[in-house]
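What follows is a single structure, written as structure tokens, with notes after it.
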Amino acid sequence: MSYLYKNLFIITLMTGTLISISSESWLGVWIGLEMNLLSIIPLMNNSKDLKSTEASLKYFIVQAMASMILLMGFLINTIKINLPNNLLLENLPSSIITTSLMIKTGAAPFHFWFPEVMEGLNWMNALIMLTWQKIAPMTIIMYTHSNEILITTVIMFSVITGGLMGINQTSLRKIMSYSSINHIGWMMAALLFTETLWKWYFLIYSAMNMAIIWMLSKFNISSIPQLMAMSKNNPKMKTFFMFNFFSLGGLPPFIGFLPKWLTIQVMVLNEMYLTGAMMIIITLITLYFYMRITMPLITLSSSSSSLNLSNQQFKSKNMMSLNSILLTGLLFSTMAFNWI
Amino acid sequence: MVLNICLIYFLFFMFLSLSCFLLGLKFLVCDLVYFIEFDLVTLNSSSIVMTFLFDWMSLLFMSFVLFISSMVIYYSYEYMSGDMNLGRFINLVCLFVLSMMLLIISPNLISILLGWDGLGLVSYCLVIYYQNVKSSAAGMLTAITNRVGDVAILLSIAWMLNYGSWNFIFYLSCMKSDFSMKIISFLIVLAALTKSAQIPFSSWLPAAMAAPTPVSSLVHSSTLVTAGVYLVIRFFNCLGNNLLMILLFLGCFTMFMAGLGANFEFDLKKIIALSTLSQLGLMMSIIALGEPVLGFFHLLTHALFKALLFMCAGCMIHSLADCQDIRFMGSLSTFMPLTCCMFNISNLALSGMPFLAGFYSKDLILEVVSLSYSNILIYLVFFVSTGLTFSYTIRLLYYTIFGNLNFLKFFSISDNGAVMVKGMVGLIFLVIFGGSMLSWILFPFPYFICLPLSLKLMTIMVILLGGWIGYLLSQLAIGSLNLFLSNIMKSLFMSSMWNMPFLSTYFLNYPTLLLGGFYFKYVDHGWSEFFGSQNLYYNLSNYSSFFLNFSKSSVKIFMMISIFWVILLTVLFF
């Protein structure tokens with residue numbers, strides 16, 4: 001199999017992330033991030049598709065620039081306090097490093113590369129981009145204890161951009177990437193206060209994304225009109241798809257509500273009322289475009305499409321169980337906490 | 001007659017009625033009151049208890065209700081024969097009886113509310129039994145008007161929380177001067193006014209005549225509408241003087257208004273309904289004058305003769321091919337002598353013919369009014385209304401029983417509905433003897449009445465005068481000067497219950513609907529749409545398109561901006 005090299009790069013990708021989040025020095029962080037970057041480029045590339053090449057190039061350039069800024073940030077830090085291994089930062093290098101990590105995550109207002117790169121990827125790479133690639137930069141932002149004003153600004157920018165920009169899109173990859181920007185805002189808010197909360201948010205967010213993207217990739221869908229073809233004669237699929245989107249938007253009976261709930265709680269406890277209120281209100285807009293994706297599926301009778309994709313069945317036991325856990329998780333955990 | 005649902009319920013209710021009657025006599029003689037409490041749920045110190053109150057009043061009232069309903073159910077076997085939903089009909093009537101029982105025997109506001117709401121619901125279902133637009137409108141009017149009373153009872157339940165229990169019977173006299181009890185008494189009187197169709201709420205009772213005639217006979221004349229009177233009797237101990245004064249005025253004018261309206265009406269059932277309204281006003285006002293037992297006495301006798309009156313009217317309507325207009329009737333005594341005989345007897349009992357049922361209660365009430373300490377207005381209204389009662393009775397008899405036959409050329413008017421006649425015969429004895437019997441058993445010693453001869457004779461004078469006027473009114477011929485036509489506005493005012501149906505339907509509906517339409521047009525579909533959803537979406541999508549412009553620039557520019565930002569940071573913090 002000619003794709004065997006992908007196994008290798010997956011392993012180095014994960015190793016890079018693990019190195020950077022567990023290293024004690026800034027150099028280690030940088031090395032890990034570089035390993036991660038260099039191993040995702042071959043994963044992205046598909047010789048039959050020019051768009052993926054373009055995307056990988058864009059990604060490489062932007063990430064390389066961000067790594068450069070990171071390198072500059074901790075070099076300034078080393079000059080200032082003469083300790084190469086120290087993770088504690090001065091004010092200036094901390095801001096520079098946070099900026100570089102924001103660029104790497106794709107948080108607004110440094111997000112411009114993110115939807116463009118996403119547009120060129122296939123769904124599995126998009127999944128990696130949406131979930132795994134966030135781990136290293138965000139963990140390191142968490143470690144740096146950087147300037148709170150900067151982080152809050154980025155939170156607001158990300159939430160608003162994620163909410164606003166998704167409205168006029170028809171491409172599902174772009175919608176997913178703007179939704180991801182919105183969620184990055186929430187995750188930033190979570191990691192500002194509590195590590196565990198960020199971990200929970202990230203885990204649940206990744207699981208929800210996995211469930212949605214598995215379906216999209218299985219039926220090879222990249223824009224909203226194609227959804228109608230997917231849902232034809234497949235009510236179970238339709239229902240799960242819709243509920244997953246509700247969960248992603250944070251509608252209460254589903255698991256997606258849990259991390260948002262906890263984040264709101266933490267923000268209220270730390271008296272960030274205005275930011276919290278803005279985040280909740282703007283997230284309604286994301287919920288709106290999720291609903292706009294899913295509502296036609298249940299309200300309109302599905303039209304027949306020339307692409308007959310409907311004979312694919314929804315059979316994977318793993319996906320069924322993942323979906324069930326995601327959709328009923330909040331209910332069952334609430335019951336478990338209250339009555340057992 | 002084969003065993004059917006009507007016969008079963010007839011026998012069952014008859015048996016219950018007799019046992020209640022005997023028990024009531026026993027309780028009356030021994031002066032007993034029984035409270036029966038079922039402990040339903042007890043949680044720590046608070047217990048939920050279902051309480052029943054048995055005294056002579058509740059037992060006698062129950063026995064009368066059961067007796068009349070047994071007769072009516074027996075009667076409806078023929079009246080409703082051929083109806084597809086006879087079973088539903090009888091079951092509804094039985095549900096009505098059940099909720100009436102619950103209302104009568106409960107000394108507790110919650111269980112009273114259960115019975116009260118049951119009455120409202122069942123009476124709505126019965127009014128809309130014939131499925132047409134008119135019935136639906138009438139049922140809606142009935143239900144909505146009675147909702148006012150339900151709300152009043154709910155509010156008084158809330159106020160009763162102050163006392164720690166809803167068994168109002170224990171608090172009536174000892175809490176009389178309490179502020180909450182004043183509010184409760186006001187609300188209870190409001191509820192009673194709606195259920196008994198007193199003046200601001202009168203319009204539903206004639207409208208409810210859209211129900212089948214047995215229902216009118218049982219529900220809308222003898223029992224349901226007296227529920228309000230019964231409630232006032234139960235709460236009598238806590239009613240303050242001002243409240244009684246208000247009640248007196250409302251009752252008096254209801255009596256007068258309904259008596260006047262009945263003289264203008266041509267619908268057979270509506271005449272009897274207005275007469276019911278008039279008698280209810282009489283009961284309310286005598287209670288307000290401080291004689292609840294007299295009110296209760298009149299309630300029982302009225303229930304008897306009014307039920308019979310409606311059953312006779314039903315018989316006529318049945319024979320006359322569902323025609324209810326009294327101008328089409330006439331000379332009915334030649335075709336249905338037995339029915340007309342009973343019709344006549346109950347009419348005379350209604351207007352207070354000596355030694356029939358109505359005489360004992362009505363005469364006593366009027367004498368007590370003459371004797372009592374009230375003003376000349378009240379006195380006049382009482383006596384004029386008594387005269388009006390006989391006036392519309394004579395008019396009714398003139399149009400229906402005497403004269404020429406005014407019906408279609410093909411007719412089949414006869415007495416041969418054996419079941420209906422049997423049902424009516426069951427009541428006729430009580431209509432004749434019920435009044436004297438009740439007066440002997442209810443009052444251990446006679447009322448002391450001391451009046452000059454002129455006042456004593458006043459009753460019989462106004463009745464005769466009223467009868468004469470009624471005769472003259474009915475005789476108006478086309479050639480004579482038509483007073484009604486020359487005073488059309490006045491006669492319209494009086495015949496339409498002082499405009500009350502308009503006031504309680506159009507007057508309430510029209511401005512509300514107009515305002516609703518206005519807000520719907522200008523707010524829901526107008527500004528709120530513009531400033532709300534549409535504009536919100538428009539703006540969001542506009543902003544989104546605007547910000548998309550930034551994505552059009554190439555990655556080069558983005559990278560340059562990032563570098564500038566880092567330089568800016570360096571300049572700021574270095």
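A Cβ is built for glycine as well, from the same backbone N, Cα and C atoms used for every other residue.
For B:7-36 (among others), the entry in TrEMBL reads transmembrane segment. Within its own chain, the transmembrane segment (B:7-36) is flanked in space by residues 1, 51-56, 59-60, 62-67, 69-71, 73-74, 77, 90, 93-94, 97, 107, 441-442, which lie at least six positions past its ends and keep a Cβ under 8 Å from the stretch.
Annotation comment: TrEMBL describes B:42-89 as domain 'NADH-Ubiquinone oxidoreductase (complex I) chain 5 N-terminal'.
According to TrEMBL, the feature transmembrane segment maps to B:89-106 (among others).
Positions annotated as domain 'NADH:quinone oxidoreductase/Mrp antiporter transmembrane' by TrEMBL: B:106-389.
Among the features that TrEMBL reports, transmembrane segment is placed at B:112-130 (among others).
If one looks beyond the transmembrane segment (B:151-173) by at least 6 residues along the same chain, the residues whose Cβ comes under 8 Å of a Cβ in the stretch are 51, 53, 107-110, 112-113, 116, 180-181, 183-184, 187-188, 190-191, 194, 234-235, 237-238. Look at TrEMBL and you will find B:151-173 (among others) tagged as transmembrane segment.
Long-range contacts of the transmembrane segment (B:179-197) within the same chain, counting only residues at least 6 positions beyond its ends with a Cβ under 8 Å from a Cβ of the stretch, are 116, 119, 145-146, 148-150, 152-153, 155-156, 159-160, 162-163, 168, 171-172, 204-205, 224-229, 231-232, 235, 238-240, 243, 246-247, 250, 254, 277, 280, 283-284. Annotation comment: TrEMBL describes B:179-197 (among others) as transmembrane segment.
The transmembrane segment annotation in TrEMBL covers B:218-237 (among others).
Feature annotation from TrEMBL assigns transmembrane segment to B:271-290 (among others). Distant neighbours of the transmembrane segment (B:271-290): 192, 196-198, 202, 205-206, 208-209, 216, 220-221, 225-226, 228-229, 232-233, 236, 244-245, 247-248, 250-259, 261-262, 265, 298-299, 302, 306, 309-310, 313, 326, 350, 362, 365, 368-369, 372, 374, 378, 382, 385, 388-389, 392-393, 396, 497; these residues of the same chain sit at least 6 beyond its ends, with a Cβ under 8 Å from one of its Cβ atoms.
Among the features that TrEMBL reports, transmembrane segment is placed at B:296-320 (among others).
Summarising the annotation, TrEMBL assigns transmembrane segment to B:332-356 (among others).
According to TrEMBL, the transmembrane segment annotation covers B:376-398 (among others).
What TrEMBL lists as domain 'NADH dehydrogenase subunit 5 C-terminal' is B:392-572.
Listed by sequence, the residues of this chain that lie at least six past the ends of the transmembrane segment (B:497-520) yet keep a Cβ under 8 A from its Cβ atoms are 141, 145, 199-204, 206-207, 257-258, 261, 274. Among the features that TrEMBL reports, transmembrane segment is placed at B:497-520 (among others).
What TrEMBL records for B:555-573 (among others) is transmembrane segment.
Residues in the domain 'NADH-Ubiquinone oxidoreductase (complex I) chain 5 N-terminal' (B:42-89) partition by DSSP class (helix H, G, I; strand E, B; coil) as 28 helix, 12 strand, 8 coil.
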